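Input: a single structure, listed below in structure tokens.
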Amino acid sequence: MKIYLRFVWILIIILNFLLNLFITTNGVIIVNAFKKSLIVAASFASLSLFNSATAELVYKPLEQPVEPAKPDLKIESVNEKFAEKYPNQYNSWRSTANGDGENIIYADEENPRLIVLWGGYAFAKEYNAPRGHFYAVTDVRNILRTGAPKTANDGPQAMACWTCKGPDVPRLIAEWGEKDYFNAKWAKGGPEIVNSIGCADCHDTTSKDFAEGKPALRIARPHVLRALDALEKATAEKDKAEGRPHNNLSFNTAARTEKRAEICANCHVEYYFAGDIKQVTFPWDNGQTADDIEKYYDDIGFTDWTHSLSKAPMLKAQHPDFEIWSLGMHGKNGVTCVDCHMPKVQGADGKVYTDHQIQNPFDAFDHTCANCHDQSKEKLRDIVTSRKKEVKDVMGRLEDQVVKSHFEAKAAWDAGATKEEMEAALMDIRHAQWRWDYTAASHGGHMHAPEVVLRVLASGLDKVADARTKLAVILTKHGVKTPVQIPDISTADKAWKVMGIDIEKERKAKEEFLKTVVPQWEQQAREKGLLVDPPAQK
């Protein structure tokens, strides 16, 4: 039925174009009458099929548990304090500052369409390719998205924006409790969160096991433990219903293989800021697929922002790496993040240790891929490169179509379209861009689960086709000539101008913030003993 109606709409558009092109002025009355009848027919068709999608989103936040302060929970957040006892691990961790991570890749300048896709949202100001763990705190300070706050209660972002950036976060949650941690502005964390992603993010560094050289894996962020419990419930029910074997996913009772992957789910996941206190929450109650998470957001009426052009109620994916990995062949076969990105290697002292320079598996091929695959490095690299190209090609086509849909929706609003007319098309835009972002925001999805990524992108193309078909009917009804002209967004500067972003103003404010505010934060942190200089390299 859906395909049939899409065909009907396309036929209506073609007939309308031909009528405008070939009928003489003597036939204007007939043409207008025929056009009106076509539009009425299309409107009835859309109402019959898409009534369920036209309900206005009303946010109904799910009540989340809030952990109180736990003063007895000790978390040592200063990474340098473990350098002497674990030099191989520490020095390899510091190496995440080297190589490709030294250079910032300005993704929005390489692909200006991103600026339009995130119109009205802070990501439109600046979006960079990810760097090594060593830079987590530096990069969140430097990015234009976090603004230029002057006081602890100033600035555009919530405290939650720190939550993945380092071991000072679980330390603060333990000291303050979740409510006092989340219910604040980002700037409040400036003097406190100064150590980048490191030891205590993954290990119980105060435990006897850790002192004896054992991994002592621990998740100290309460919201992550809750999310894994919710995921365990959702997947256990699905696996039982479909007769599949099930692995326990609740961290504290999970097997070692699951724990080694779930540690990375501290951060490499999709999440949103829930309720008035902007509490970090993982939308896993239904499962981890793009459809599961979309349904979760739609059911509670959650919206990250309203798009500045289309007025669509948008969702912003974060980095659903754990989700996509778990859906792919590596995840299904128990090959974890650690196996590929943190292999066992031998140090200069002859000791075997886990390499903490999180890196591309091809950079340590003999210790990673070659453990399972008998193909050559060149052969496997060619396969991965080919998959990446396939994903990028489809992703680019979806980007292009969604960008056009935003401008077409704006043209419809400008021509007098009503909220009732637009709701279904805007939901399709929401769902199309969500599918694009779910795949685009994933680091290495083309490797972790290319078949999953391509399937999600294909469904995104279906959604944006639905949106543009409905918009074409609305535009025709309101007398807008199609195709709608898209402004020149061929460079980042042109795209920022089209989207009304004064990028130089943003950059100047950030520069002043980095010169005046950040040094104060670091001085306060040093006075508290939270920030220390790294040991001299031997």
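Each position is counted from 1, following the chain as shown.
Cβ atoms are placed via backbone N, Cα and C, with glycine included.
So that you can see what the record holds, here are the features copied from Swiss-Prot:
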SIGNAL    1-55  signal peptide
BINDING   H133, C264, C267, H268  heme c 3 binding site
BINDING   C161, C164, K165  heme binding site
BINDING   C199, C202, H203, H356  heme c 2 binding site
BINDING   E270, Y271, K316, Q318  Ca(2+) binding site
BINDING   Y271, H319  substrate binding site
BINDING   H330, C369, C372, H373  heme c 5 binding site
BINDING   C337, C340, H341, H448  heme c 4 binding site
Exercise. Across the record's heme c 3-binding residues H133, C264, C267, H268, the largest CA-CA distance in angstrom?
Worked result: 12
Seminar exercise, completed: Comparing the Cα of C202 (heme c 2 binding site) with the Cα atoms of the binding-site residues E270, H341, C369, the shortest distance belongs to H341
Seminar exercise, completed: Of the binding-site residues H133, H268, H356, within 10 Å of Q318 (Ca(2+) binding site) (CA to CA), in sequence order, we find H268
Exercise. Across all chains shown, how many C-beta atoms besides its own are within 10 angstroms of the C-beta of H356 (heme c 2 binding site)?
Worked result: 22
Exercise. Where the distance is taken from Cα to Cα, which of the binding-site residues H203, C267, H268, E270, K316 turns out closest to H330 (heme c 5 binding site)?
Worked result: H268
For this session: Would you mind ranking the binding-site residues H133, H203, H373 by how many other Cβ atoms sit within 10 Å of each Cβ and giving me the lowest?
Result: H373
For this session: Pull out the binding-site residues from the set C161, H203, H319 whose C-alpha sits within 10 Å of the C-alpha of E270 (Ca(2+) binding site).
Result: H319
Problem set entry | Rounded Cα separation (Å) that holds between K165 (heme binding site) and H203 (heme c 2 binding site) | 15
Problem set entry | Protein Cβ atoms within 10 Å of H319 (substrate binding site), excluding its own | 19
Exercise. Around H448 (heme c 4 binding site), which residues of its chain at least 6 apart sit with Cβ under 8 Å of its Cβ?
Worked result: D321, I324, W325, G328, H330, G331, S442
Seminar exercise, completed: Note on heme c 5: the CB centroid of H330, C369, C372, H373 has further same-chain residues inside 8 Å, namely V335, C340, P361, T368, A370, N371, L380
Problem set entry | Distance from H356 (heme c 2 binding site) back to C372 (heme c 5 binding site), taken between C-alpha atoms, in Å | 21
Exercise. Per DSSP, to which secondary structure element type does K165 (heme binding site) belong, with helix, strand and coil as the options?
Worked result: coil
Exercise. By CA distance, which of the binding-site residues (C164, K316, H341, H356) lies nearest to H268 (heme c 3 binding site)?
Worked result: C164
Exercise. Looking at the binding-site residues C264, H319, C337, C369, which has the shortest Cα distance to C161 (heme binding site)?
Worked result: H319
